[in-house]
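Trainee: Got a structure for you, written out below as structure tokens; questions coming shortly.
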Amino acid sequence: MARPKNVKYVFVTGGVISSLGKGILSASLGMLLKSRGLRVAIQKYDPYINVDPGTMSPYQHGEVYVTDDGAETDLDLGHYERFLDESTSQASNLTMGRVYKSVIDKERKGEYLGGTVQVVPHVIDEIKDRLAELAKKGNYDVIITEIGGTIGDIESLPFLEAMRQMKLDMGERNLLNIHLTFVPYIKAASELKTKPTQHSVKMLLETGIQPDILVCRSEKPLSREIKNKVGHFCNVNDLDVIGLNDCDTIYEVPLTLLQEKLDMRVLKKLGLKQYHEPDLAKWTDFCRKVKHPEGGEVNVAICGKYTEYPDAYKSILEALVHAGASNNVKVNIRLIRAEDGESKSYDFSKELAGINGILVAPGFGDRGIEGKIEFIRYAREQNIPFLGICLGMQCASVEFARNVCGLPDANSTEFNKRSRFPVIDLMEQQKKVKEKGGTMRLGSYPCIIREGTKAHAVYGKFLINERHRHRFEFNNTFRPAFEEHGMIFSGTSPNGELVEIIEIRDHRWFVAVQFHPELKSRVEKVHPLFHGFVGAAKAYADGVHQPELGARAEVHETPSPAPAPVQQGFAAGENIGTPSFFIEEERPAGDGGQGLS
């Protein structure tokens, strides 16, 4: 593996139990190093055999995070982007399935010259080459790699062996391991117990890896005595034992780690001296607004199919946190099962009493669809602020067709192929697609926004780029009927063929989008649609008839000039990808096709 010069590597591993927060730790460290002036890249290595999480159940994996270049990745990449305000790419997420697939493909092509293909060296070399590939994509000072799973998992062993070999090849001044462990608090004994951490480090040592820094997650702060004990039994300097007790919000984790001097220990061990003091004033102010907002509270209901597992909507939940801070209000979230709305005994006025905004979340399949449609109908008829995302927009179109346009059999062909009024239909390019993984319309595409609409008011610009993950689209045959009954098509693809944003003219805030705005919301750059939605919910809660639609200046980028006239008359099935003359920002280069048209 040819390693680019001067790049330093940090590997983050976890022990004792899962869900300790390796992703938040990695993102927080990356944010701190970036705030000191270093160029940081961050990635996730997942040990499962799936090529990517695109076809995995939300109940097992949580949300699928889509990057600009169309990669379907782990939700931790969302944390990376939100904390660092940097876009990730296909190269930022590597699964063991992708590694094995690449090795097997090379063997079939004869690239191993008839040799016996083994985990060592072939699989390990493939992992090391992928890391070098990311390093070559940018001029980075530090690359942080989170290794998924828990020490002791069989699936993680090749990743750990690759890390061991790399440290031997590069030297201790170029690569270090941060091991996140759990120090449980035993309430009956009023004690923090270090034995699980000791055993976790012992298991890591069995792979040939001595951790350089230990981050100890705990319910209570670690005393100096506890840190000394952990350092003594784990062969780590007590200054390299970092305490990370529970925080009120994940956005306080970087501030806690800064106080514990984690970033300074990393800089010292890697021999990095060119840095400056971090300015976290805006971040600190954001945390203050999250914890102690001065503008009151709003109540938002999220109607979805996977509400039993909130990680399925992780980016939506975080985007609402960002929007709460930007509006200086606390956003109380109520997760509601879509199926509940299908019951004839469900009392919407009672169950949604006190709700100031309704968001219908994305998803796939027909389960709960009629319930989503009923929640949308209630939001429309009661003039409650509404935001629909992806499938939420498609359901909003079906509801409007049935109950406003007088098309009672209206539906999506995803749910009823024989509908007389298929207002949502399979995209022309998708009709011959047989495989499921990586074949949807994925990644960042441009959208032209119509002036004088709510969408234009919150974005403050005519041209935007948003991330997509869908196969079905609005059927343009029905656009005249929708417009006649008060629907505004406020955002479309540059050629005018794909409907991206819809809104109702006479509703205080009824906006639905085909794309996923939640994927681009950041701590210091809240997404305009979420800012506008929460602002509308606040106005509704305050009894204001019409909310102020303009977004704050720092919420969105500088408004761009009006684009050239939109081209019309594209033939069905013609390429509706991203024309070069409409590209607003370059996509990060990926390492494989992800179904982009």
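The backbone N, Cα and C atoms fix where each Cβ goes, glycine too.
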Trainee: Among Lys136, Lys137, Lys227, Lys229, indicate the single residue that Swiss-Prot lists for the UTP site containing Ser18, Lys193, Thr194, Lys195, Pro196, Thr197, Gln198.
Mentor: Lys229
Trainee: Swiss-Prot has Ser19, Leu20, Gly21, Lys22, Gly23, Ile24 binding ATP. Which one of Asp69, Asp74, Asp76, Asp85 is in the same site?
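Mentor: Looking through Asp69, Asp74, Asp76, Asp85, the residue Swiss-Prot assigns to the ATP site is Asp76.
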Trainee: Looking only at C-alpha atoms, tell me how far Thr194 (UTP binding site) is from Arg471 (L-glutamine binding site), rounded to the nearest Å.
Mentor: 50
Trainee: I'd like to know the mean pLDDT over the region 'Amidoligase domain' (1-272).
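Mentor: Within the region 'Amidoligase domain' (1-272), the model's average pLDDT equals 94.
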Trainee: Tell me which of the binding-site residues Ser18, Thr194, Gln198 sits in the most Cβ-dense spot, judged by other Cβ atoms within 10 Å.
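Mentor: Most Cβ neighbours within 10 Å: Thr194.
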Trainee: Counting other Cβ atoms within 10 Å of each Cβ, which of the recorded positions Asp76, Glu146, Glu414, Glu518 scores lowest?
Mentor: Glu414
Trainee: Across the listed ATP-binding residues, Ser19, Leu20, Gly21, Lys22, Gly23, Ile24, Asp76, what is the farthest Cα to Cα distance, given in whole Å?
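Mentor: Of all Cα pairs among the recorded ATP binders, the widest measures 13 Å.
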Trainee: By CA-CA distance, flag whichever of Ile24, Asp76, Glu146 among the binding-site residues is nearest to Leu391 (L-glutamine binding site).
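Mentor: Closest by Cα distance to Leu391 (L-glutamine binding site) among the binding-site residues Ile24, Asp76, Glu146: Asp76.
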Trainee: Measuring Cα to Cα, how many Å separate Pro196 (UTP binding site) from Glu518 (active site)?
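Mentor: On Cα coordinates alone, these residues lie 37 Å apart.
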Trainee: Out of Glu146, Lys195, Gln198, give those binding-site residues positioned within 10 angstroms of Ser19 (ATP binding site), comparing C-alpha atoms, in sequence order.
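Mentor: Within 10 Å of Ser19 (ATP binding site): none of them.
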